[in-house]
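Here the structure is laid out as structure tokens; the discussion comes afterwards.
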Amino acid sequence: MSDTSIQQQSQLTSGDFTAAENPFALFAEWFADANESELNDPNAMALATVDPDGLPDVRMVLMKGYDTDGFVFYSHIASQKGRELAANPKAALLFHWKSLRRQVRIRGAVSAVTETEADDYFATRPKQAQIGAWASKQSQPLESRFAFEQAIAKVAARYLVGQVPRPPGWSGWRITPLRFEFWHDRPFRLHDRIEFSRDTPAQPWIKTRLYP
Ligand SMILES: Cc1cc2nc3c(=O)[nH]c(=O)nc-3n(C[C@H](O)[C@H](O)[C@H](O)COP(=O)(O)O)c2cc1C
């Protein structure tokens, strides 16, 4: 590791995060650090849901916005995750920033974003990605790559000129945290962990330090 990167690391990990009192503020600090240090996709997070049998399911998604109301991602409503969230609107999220040796766990209730939020975000996507959203039947069996390319070509021809509207089956979800956990690597696996929990979003956070 170069001197500069060691210096950067020590700057990034300086301060005692376990003194934090507000999980959203601490998340903002760590996310800003991750934006500086991660090789790519600092906003990538694992999204865990459960199926109707209670069997957990997990996949990566990109966090496209957050504030004190929660963490937002976008996807297809009829996808596996979309169906699982419709049946059981609760989820867990996990950010792991390898370069910082930090993880943040979040659990909470899930709600749909508004139509306007989904439209606004969809409008910011590159045209190819907008076309892909129309062409993909996410999580359904796909007979061949060629079949997908044909579907893409069909949609592209339809929207050769003008804007691509948001597909009706594509939207976003917001996870409103009831629990956060911040974890930071320490030598010899003597890691630091703090948890913030509340029973409802209207209640104040209860902070607890946890054994590693
Ligand atoms: C880094 C990364 C980011 C991803 N971001 C998204 C995303 O924001 N939305 C999405 O629908 N799929 C995203 N995917 C693909 C999902 O992991 C997953 O394959 C897809 O959504 C289908 O999941 P499902 O069958 O459980 O619904 C991403 C994959 C990776 C590796």
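Using N, Cα and C of the backbone, Cβ positions are placed for all residues, glycine too.
Automated prediction, rather than curation, is the source of TrEMBL annotations.
Over in TrEMBL, the protein carries these features:
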| type | residues | note |
| --- | --- | --- |
| DOMAIN | 33-157 | domain 'Pyridoxamine 5'-phosphate oxidase N-terminal' |
| BINDING | Arg59, Met60, Val61, Leu62, Met63, Lys64, Tyr74, Ser75, Lys81, Gln103, Gln138, Ser139, Trp183, Arg193 | FMN binding site |
| BINDING | Lys64, Tyr121, Arg125, Arg189, Leu190, His191 | substrate binding site |
| DOMAIN | 170-212 | domain 'Pyridoxine 5'-phosphate oxidase dimerisation C-terminal' |
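Annotated features, which come from TrEMBL, shown on the structure.
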| residue | record | DSSP (3 states) |
| --- | --- | --- |
| Arg59 | FMN binding site | strand |
| Lys64 | substrate binding site | coil |
| Tyr74 | FMN binding site | strand |
| Tyr121 | substrate binding site | helix |
| Gln138 | FMN binding site | coil |
| Trp183 | FMN binding site | strand |
| Arg189 | substrate binding site | helix |
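Residue density at Lys64 (substrate binding site): 16 other Cβ atoms are found within 10 A of its Cβ, drawing on all protein chains shown. Looking only at the binding-site residues Lys64, Tyr121, Leu190, His191, the one with its C-alpha closest to Trp183 (FMN binding site) is His191. Residues 13, 17-18, 20-23, 26-27, 30, 64, 69-77, 85, 91, 93, 100-113, 115, 117-118, 121-122, 133 of the same chain lie 6+ residues outside the domain 'Pyridoxine 5'-phosphate oxidase dimerisation C-terminal' (170-212) yet bring a C-beta within less than 8 angstroms of a C-beta in it.
Checking the binding-site residues (Tyr74, Lys81, Gln138) against Lys64 (substrate binding site) with a 10 Å Cα-Cα cut-off leaves Tyr74.
Least crowded of the binding-site residues (Tyr74, Tyr121), judged by neighbouring Cβ atoms within 10 Å of its own Cβ: Tyr121. Taking the Cβ of Arg189 (substrate binding site) as reference, residues of its chain lying under 8 Å away and at least six apart in sequence are, in sequence order, Pro212. Counting other Cβ atoms within 10 Å of each Cβ, the lowest count among the binding-site residues Arg59, Lys81, Arg125, His191 belongs to Arg59. Counted with DSSP, the domain 'Pyridoxamine 5'-phosphate oxidase N-terminal' (33-157) comes out as 48 helix, 43 strand, 34 coil.
The number of other CB atoms found within 10 A of the CB of Val61 (FMN binding site), across every protein chain shown, is 18. The Cβ of Met63 (FMN binding site) has 20 neighbouring Cβ atoms from other residues within 10 Å, across all protein chains displayed. Non-local contacts of Leu190 (substrate binding site) by the CB criterion (under 8 A, 6+ apart in sequence, same chain) comprise Pro212. If you measure from the Cα atom of Tyr121 (substrate binding site) to that of Gln138 (FMN binding site), you get 19 Å. The Cβ of Trp183 (FMN binding site) has 19 other Cβ atoms within 10 Å, all protein chains considered.
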